[in-house]
Structures are given as structure tokens and as C-alpha cells.
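What follows is a single structure, written as C-alpha cells, with notes after it.
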Amino acid sequence: MNPVKKTFQYGHSTVTLETGRIARQATGAVMVTMDDTVVLCTVVAKKDVNPAQPFFPLSVHYQEKTYAVGKIPGGFFKREGRPTEKETLTSRLIDRPIRPLFPNGFMNEVQVVCTVLSTDRNHDPDIAAMLGTSAALAISGVPFNGPIGAARVGFNEDKGYFLNPTVEELESSELNMVVAGTEKAVLMVESEAKELLEDEMLGAVLFGHQEMQAAITAIQALADEAGKPRWDWQPPTDDTTLKSALAAEFEAKVGEAYRITDKMARQDALSALKDEALERLAGEESGQYAADDVKGAFASLEKRVVRSRIIQGEPRIDGRDHRTVRPLSIEVGTLPKTHGSAVFTRGETQAVVVATLGTLRDAQLIESLEGERKDRFLLHYNFPPYSVGEAGFMGGPKRREIGHGRLARRGVQAMLPSEEDFPYTIRVVSEITESNGSSSMASVCGSSLALMDAGVPLKAPVAGIAMGLVKDEDGFAVLTDILGDEDHLGDMDFKVAGSTAGVTALQMDIKIEGINEEIMETALQQAHEARLHILEQMNTVIAQSRSEVSDNAPSMATIKIDPDKIRDVIGKGGATIRKICDDTGASIDLDDDGTVRIYAEDKTAAKAAIDTVLAITAEPEIGKLYRGTVARITDFGAFVTFMPGTDGLVHISQIVPERVNDVRDYLSEGQEVIVKVLDIDNRNRVKLSIKEVTAEEKAAFEATPAE
């Protein structure tokens, strides 16, 4: 086929979608060019279904190539390795809005690969990758109820909302939001903000949805001209006989099981009912059904029972109404040797969160297409299998753990002090020890508590809450603080984090084909109520950061010196600074502007290092007494080292009142003496005297503790 292009304006960028030139053997392939950023997006779908696979096998792989910015990869092998955190997060960002648009029952394997071929570093390539994926699916012929559009939205008081901000514009923006959706509805939101109001967040979502229509129109035009014929795929037919048989015998029993408030007991009861259903209905005899069909029908029955009760306004699975937060238990300072710790429990979801402070040298070095940078705030989320009562594989973090950790980080990050105000590297680890819904938001609450316990001066405490949705033709219900079952059986996962003043993070994933403004507004309002309730409970335990960091944390001090004295502190080949560190046990960071940061295991070591640095960088004062050591003797006097790196001359006439014929009669090299500074000439040569030190001055000086 001949190449086909469609071009449209997107904010201040020109976007071109091209197909038919590159990767022509893929089911669908689109090259997206956004200014000088180029991303190749491919889709391959298998025609055959693996009958042993009980789920939809969609995989998304976003990869950044270093040649895109004219670089060769580091490391021994000099090639790209396993996915970076950025690549993993972007893969999830692409996956989330497209997954609900594949029809129910479609089980063919679909693989999406997005490769960044070139980037101008002005824009994150993620939006180009999302648009390219949508376009590749739209032209592939695969059953897909798209296309979707995607937009990044920024906001500040001067400009209001703005589309497709550059990396530089995001630095001054109060919002970084990615919105994705179809022509009619929003499907996904991912954002971080600086305490924006709920109305401002909702406005950003609506603005992004409105602006993405240009992209959707262009993608649809590309599909109309270059799209392949749609697959002749039909959804599997429901076996109404099986569903009726299940409902007749098990609907009431399933309803009773979902009135058991304890999660593990409820799961045991449902498992027993499922086994009973399989025993009665599954088999190879006449009138029996395949085991997989029975399992699928039983899952549908569970979903229908729970959803219908919620829509009818009945109590939820654990007996709550739609707006009630589960009981909270909050503890801080629970781990004795850590720098800060908290245990946050909400119902059957629990997070043990630990904050650790380190030096700026502990900051993580991140290499990306945008260049190298150091990250001094790390938040890691761990979800071990025991948290849900299972035995499972223990290994490195999975995509879900990386994504939940980043969401929790977004919720807290806006409240952190600046590096100038708090020059520590901060690591927070959230260990999920129990899980029954919204563990990422428990991590936000626990992180805020642990950071305050560690003495990190947060601008304000933050809390997070997860909202759910059940929607059908009869109406909808928004649920506050959803359980795991409500998340699984519902239509939306809507997570909001923030302070009393506003929202710091918002994430939304829709499992149906979009929601409207009314539902989002209701969810934001209920989330606001719940967040204030949780913050009120948190404040009864710890309302503000501790005034000092933990005694177990590194002692840190910052001093300013004359920038011209930096070389004196470093010394020849770094000898001086190494000696200070070896002698005191402290570590020292120097900035070009003369800022000296000193880190030590305790305050004594920090003070010793400070005193040494100040002594090295101090200027001698005329008339002041110093304790020095004779460094060298000459015929005309003696050179005395009286400050680190600073010598002065005691002339032969300034040793004693009487005449001196031989300096060595009075002084010897290595001898300790008390000297007075007489003068400093314009070449910074220091004149010292021993004889001018009076007996009274000497006695007072020796009585003063050495600094």
C-alpha cells in the first residue's frame, strides 16, 4: 500500500500520523511525528485463540532508544537492557485506556510495541506513543471500540489550562495531567498537582477531553483511508440455560456469602459454593457443562449479585453505606531504629511505612533521554503475596508495584520541602502487610505519617482515598473507600490524594466505555469528604512534623564559606578534605557557591568537621591570639602554622624582649607556641609575635577551651 499521512495541530506542536511505509508486516503500524519527536507504534494480533488461556492476553511495551538523542548506552554491553521505570510506567499509561475498549470475550493475543526513534527533549514521547497506539489499533482491523485520544494538560494562574506543555513549561505548571478517552467519554486520568481544588482538577479533565478531539478526528480519518477490513469476530454466545440453572440454585447462596464482612471467611464461602456448582453442573454427561463455562457463569453471577445490591442502595459487602470510610488505626514511631515509621490500617488494608534519610550523595542517578538527573526522593511500594493470604513468587518489583509506588509518590511529592530547606535524600518504603482494596492510598497516608515522624518538614499532611463505581442503565453509585471485591466487580478505580487545601494526585481508570462529568464530579466530592475525615484522624496521632530529625538519622549541617576558600578545604589532590572525613567520620559536599554540607553519624562528628572547615577557611584577625606550631626556623625568625594551611612569620625581634642571636636557642621545629597577629600585608603575609603576648593574655587564652 502507498503511505498515508494525516497532520493536525496539537497545542503548539504539529503532529503527523503516517502508515504504509514502516513495519508493514505488523497487523497495524503508525509512525507518529510530534515536532522532532518520532515514535513507531505497532500492533500485532494473533488470529488463533489459545483455549487454555482464561484471560485477554494484551501486552504493551514502550521502549526508548538512546540513539533517539544521539547517545550510546552506558554499561559493559553498550545496548539497551531491561525496561526502565519510565518505560514501565509509560507502558501502563498506554495499556490502561485501550484495555476496556476490546470487546468482552475477545481472547486473541494482542501485542503493542512503541519505540521512540527520535526525541527533541521538549516533550515527553508518551503522548505520541498513546496516539500512535490508538491509530495502529484503529487501522489494524482488530475488534477495538476506539479510537482514543490522549492529551497532557498543564495549569497555572496566569495561563489557565494549556495543552501539550513542554518540559520547561511543566516546571512552572501547578498540574501535570494526562487524559485519555474516546470521542464521547473519558477513560483514564493520571496526574500530579500542587494542591489544586476539585473543580480545577475536573476542569482540567474536561479541557483535555475537549482538546483531544482533534487527535481522534485525525486518527479516524487515517483509519477510514488506510484501515484494514474489520475482523469477522463474533462474541461468544451466553449459555442462558447454564446461567438460569446457576441462578436458580446459587443466587441466594451467593448473596448470603457476600454479606460476610470478613474477607477471608467470605472468600472461603464463595470458593465452597463454586466447588459445589462445579460438582453439580460440570462434567461430560448429557445436561452438564464444561468446567470453564461453569466458572465463567459463576463469576458473572457474583458480579450481578453484588452490583444489583449496590445500585438498589442496599448495604455494601462489608455492611457500609456508599460514603463511609472503613475504621482506621494509626500508629507512628513503631520501629525503634528507623528514622521514621508508621502503621496505617484501614479496614483489612494495612501498610507498614518506613522513612529513611540519607545524604545528597545517596540520591538516585537517573539516566533518561532527557539527560542525567539526580532524584532525592524515592518511594518504593512492595506487595508481598502474604498480604492477601497467598503463597507466591518473591522477586523484583512487578509493573503493578512500580505503578502503585509512583502514584503514592505523586500524592506526597508536592508537600516535600525544597533541597535548600532540607538537604537530605529521602527514601520511603511502603510494605503492604494486608490488602483488601486501595493499598496505594494507604501508602500515601502511611508515607505522610512516616515522613512527619522522621522530622521531614512537610508543607501539610496528605491522605489518599480510592473511589469505585457501579453503573448500569438504571443509574450509578459511587462508592467511597472500595474493597478489593468492589474494585474487581465495579466499573471504575478512582484514586485521589491531597491535603486539606487541595488535590496532589488523581488517577482514574474506567473498565467500561467511559464516564461523564456528573460521575466524576460526584466522585471528587465524595473523595474530598473522605480525605478530610482521614486527615482528621491522622492529625490526632501526629499533626505536624517533628521539630528535629531522629537521633538515628544522619546529623546534617550547612555552612557558607568564601568560594575562594573551596580549594583550601579540598587541598592538593583532595588530601585536606579526605583527612577531615577520615579524622571526623563525616562526609562533606561542596558547592561552587561556597555552600558546605556536612553529614555525620552523630552531632559530635558533625561539629568536629564544621570546626575544622571553619578553621581552614577563617581569616586571621589582627590582635587575636592563636595556638601554633613552629614549622620552620630560619636565620631571621621562625614560620609558625597557626591556622590550618596558614603560616606566619615570627621575626627574630619578636621572640623575646631581649636581643636574640640564634633563633634555635629559643625555638625548635614542632614546638607549640602562642602567637599574636601583628599585621597582614597586601600580599596576605602575616606578621606574628610571641613577645607581645602578655602574661594576662596568655593565661586567659590558655583558660579558654580550644575550638
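Each Cβ is built from the backbone N, Cα and C atoms, and glycine gets one as well.
Over in Swiss-Prot, the protein carries these features:
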type	residues	note
BINDING	Asp487, Asp493	Mg(2+) binding site
DOMAIN	554-613	domain 'KH'
DOMAIN	623-691	domain 'S1 motif'
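Under DSSP, Asp487 (Mg(2+) binding site) is assigned to a helix (H, G or I) in the three-state scheme. Cβ neighbour count within 10 Å across all protein chains ranks Asp493 highest among the binding-site residues Asp487, Asp493. The helix, strand and coil residue counts that DSSP assigns across the domain 'KH' (554-613) are 32 helix, 16 strand, 12 coil. The average pLDDT for the domain 'S1 motif' (623-691) in the predicted structure is 91.
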